[in-house]
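Per TrEMBL, the features are as follows:
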{"type": "BINDING", "residues": "N230, M259, Y288, H324, S344, R345, G346, D385, G386, L387, R388, E424, Y451", "note": "substrate binding site"}
{"type": "BINDING", "residues": "H428, H492", "note": "Zn(2+) binding site"}
{"type": "BINDING", "residues": "C572, C575, C580", "note": "[4Fe-4S] cluster binding site"}
{"type": "DOMAIN", "residues": "21-98", "note": "domain 'ThiC-associated'"}
Amino acid sequence: MTDLPSYLSDSAKVDSAAIKPLPSSRKIYVEGSRPDIRVPMREITVSDTPTEMGGEKNAPVVVYDTSGPYSDPEASIDLRKGLPSLRAAWIAERGDVEQLDGYSSEFTRRRMNDPLLDPLRFMDERKPLRAKAGHNVSQMHYARKGIITPEMEFIAIRENMKLQEARERGLLADQHPGQSFGASLPDQITPEFVRDEVARGRAIIPANINHPEIEPMIIGRNFLVKINGNIGNSAVTSSIEEEVEKLTWGIRWGADTIMDLSTGKNIHETRDWIIRNSPVPIGTVPIYQALEKVGGVAEDLTWEIFRDTLIEQAEQGVDYFTIHAGVRLHHVPLTAKRTTGIVSRGGSIMAKWCLAHHKESFLYEHFEDICEIMKAYDVSFSLGDGLRPGSVADANDAAQFGELETLGELTKIAWKHDVQCMIEGPGHVPMQLIKENMDKQLECCDEAPFYTLGPLITDIAPGYDHITSGIGAAMIGWYGCAMLCYVTPKEHLGLPNKDDVKTGIITYKIAAHAADLAKGHPGAQIRDNALSKARFEFRWEDQFNLGLDPDTARAYHDETLPKESAKVAHFCSMCGPKFCSMKISQEVRDYAAEHGIDEVSAIDAGMQEKSREFVESGSKIYDKV
Ligand code: IRN
Ligand code: FE2
């Protein structure tokens, strides 16, 4: 008998730390052309500039919000029921899907009839949807027919983040121009722009018709750079409960998609719980589960078992599949002399299968059959990089680039079927070789979105690989990578826990945002400017709350200056009151204004006087705290 997850025994509640709104934040919804298009955003309220510094009114800052209903105090959440089906009506009204009587996957049917699994089963036993015969329900298919779906309109509003308002308030004026390396970032994202990018294959909208709970999002290099967080148990650790908790925790800090990489024994049930409770797209690597089904013996894998696994997961609602179809028989010998061989789990499974049978990969051979399944549910491809380098020594070698060329070939086949497709990339790559990866991917894969794991720019820092990879991720994001797959501090060492998930997500939010800034994404700098202004004006609470991780910022500050009065003090414990450069330059400004001169001459003219004034005001501040 399987153990009952603790939250199933009484009321199905989410961990309370993962559901309260972030400090000073309010969930807002922007309505589209119809009332059921309600696009969530987070508004961070800030205080006004202190009177002695001008008393200016500071507008709230609107940021992209991935946290779903979990951060909305008005939403009622019951993990057993799952989230509301936001897209159900949109999917139904297109008139091209049918509700099946039961599951068409043999594996699912067997699972459903296993009484031992009852306690783990998700409460809502919904019937799966599938495209009616002869229909293709992919967003790319609609886009190519010129149809703007509600999903596309939702995304346009979401990506804009109320830019128009910010523009009217003059907030866009203070941004450095970017260097975009050929990306075209319009001033205003329109639904038509979204449609066109999807039709062209330059962006994807992962949105399985069996995952109506999602708040649609887009992955493409002319949009905000996205990040993915991996969760998943292994045979050794972790329960369903922990996995759902990692999901809500990951999206709280900004994960745009979550991949469930579970390999343990209850992967089917774990996935049900995750999907039904996820407002973000969920990705998986189906070959992992297929391997479980054959007892972990790669040689025993067959196309039939793999096919049934795809259908099983498509009917559950997985939004994108990592499929390592680029690992071909003739590529395998190219890895023989590598320092780290094949490091991809999926890649090594397929390489082993190819060698054992001395046959071409069944994923490659059946690629068109796979496309048929993908378009019946709108599952997007994430073409796996099974031959990615696992060390900087192996970066950009013949095996890696040979596979990339095959992925380009497969992209074209996917597009022939109007199936959405992104391409996975490395891995471990030193900085000077990163740009070549991006350029080659755009060329081989006709600008299909790139989705990379890091890359890690050095191999010498186990325990810190969120940083080694975050550096590479920022670079490749700037060059045009559309989504960055996070790496946690536990990479190469063990399974990440909740803290590691948060550290990984925050690290990747930094990389993605840095890339948006460098590319010159309109409005990207608004939050930086607001935070810097708060910092300069010693609005400590605002500085914490505008940051990616207010809790840590506040905790670090309070370690040395815990008193409430320190939250308005014009210094922190780093330099103390006498040496605070921000305070000094504020005083230089005041002096200049009083004496009617500019800041440079103020420094020359008033140096002596300034120092006297500074000592005096310094002692005054001591009195206050
Ligand atoms: C992302 C880019 N390259 C690889 N990834 C992720 O690595 C992919 O999305 C999935 O989460 C994981 C697959 O690992 P293997 O099976 O290739 O090791
Ligand atoms: Fe690695």
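Residue numbering: from 1, along the chain as shown.
Using N, Cα and C of the backbone, Cβ positions are placed for all residues, glycine too.
Fair warning: this is a prediction, and the values are worked out from it, not measured in the lab.
Where TrEMBL records a feature, it is marked here on the structure.
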{"residue": "N230", "record": "substrate binding site", "contacts (Cβ under 8 Å, 6+ apart)": "I258, M259, L261, C485, Y486"}
{"residue": "Y288", "record": "substrate binding site", "contacts (Cβ under 8 Å, 6+ apart)": "L261, S262, T263, I267, R345, G346"}
{"residue": "S344", "record": "substrate binding site", "contacts (Cβ under 8 Å, 6+ apart)": "H324, G384, D385, G386, L387, R388"}
{"residue": "H428", "record": "Zn(2+) binding site", "contacts (Cβ under 8 Å, 6+ apart)": "T340, R388, P389, G390, S391, V392, D394, A395, G454, P455, L456, D459"}
{"residue": "H492", "record": "Zn(2+) binding site", "contacts (Cβ under 8 Å, 6+ apart)": "P462, D465"}
{"residue": "C572", "record": "[4Fe-4S] cluster binding site", "contacts (Cβ under 8 Å, 6+ apart)": "W540, H557, T560, L561, A566, C580"}
{"residue": "C575", "record": "[4Fe-4S] cluster binding site", "contacts (Cβ under 8 Å, 6+ apart)": "S581"}
What kind of secondary structure is N230 (substrate binding site) part of, going by DSSP in three states?
strand
Cβ under 6 Å from ligand 1: qualifying binding-site residues of N230, Y288, H428, H492, C572, C580:
N230
Would you list the other residues of this chain near [4Fe-4S] cluster - those whose C-beta lies within 8 angstroms of the C-beta centroid of C572, C575, C580 - in sequence order?
F571, S573, M574, G576, P577, F579, S581, M582, K583
Find the average pLDDT over the domain 'ThiC-associated' (21-98) in the predicted model and report it.
95
Long-range neighbours only, meaning 6 or more apart in sequence with Cβ under 8 Å: which ones does Y451 (substrate binding site) have?
I219, N228, S382, M422, I423, E424, G425, C481, A482, M483, L484, C485
What are the DSSP helix, strand and coil residue counts for the domain 'ThiC-associated' (21-98)?
13 helix, 20 strand, 45 coil
Which one of the binding-site residues (G346, G386) has its C-beta surrounded by the most other C-beta atoms within 10 angstroms?
G386
For C580 ([4Fe-4S] cluster binding site), the three-state DSSP class is coil
Going by DSSP, is Y451 (substrate binding site) part of a helix, a strand, or coil?
strand
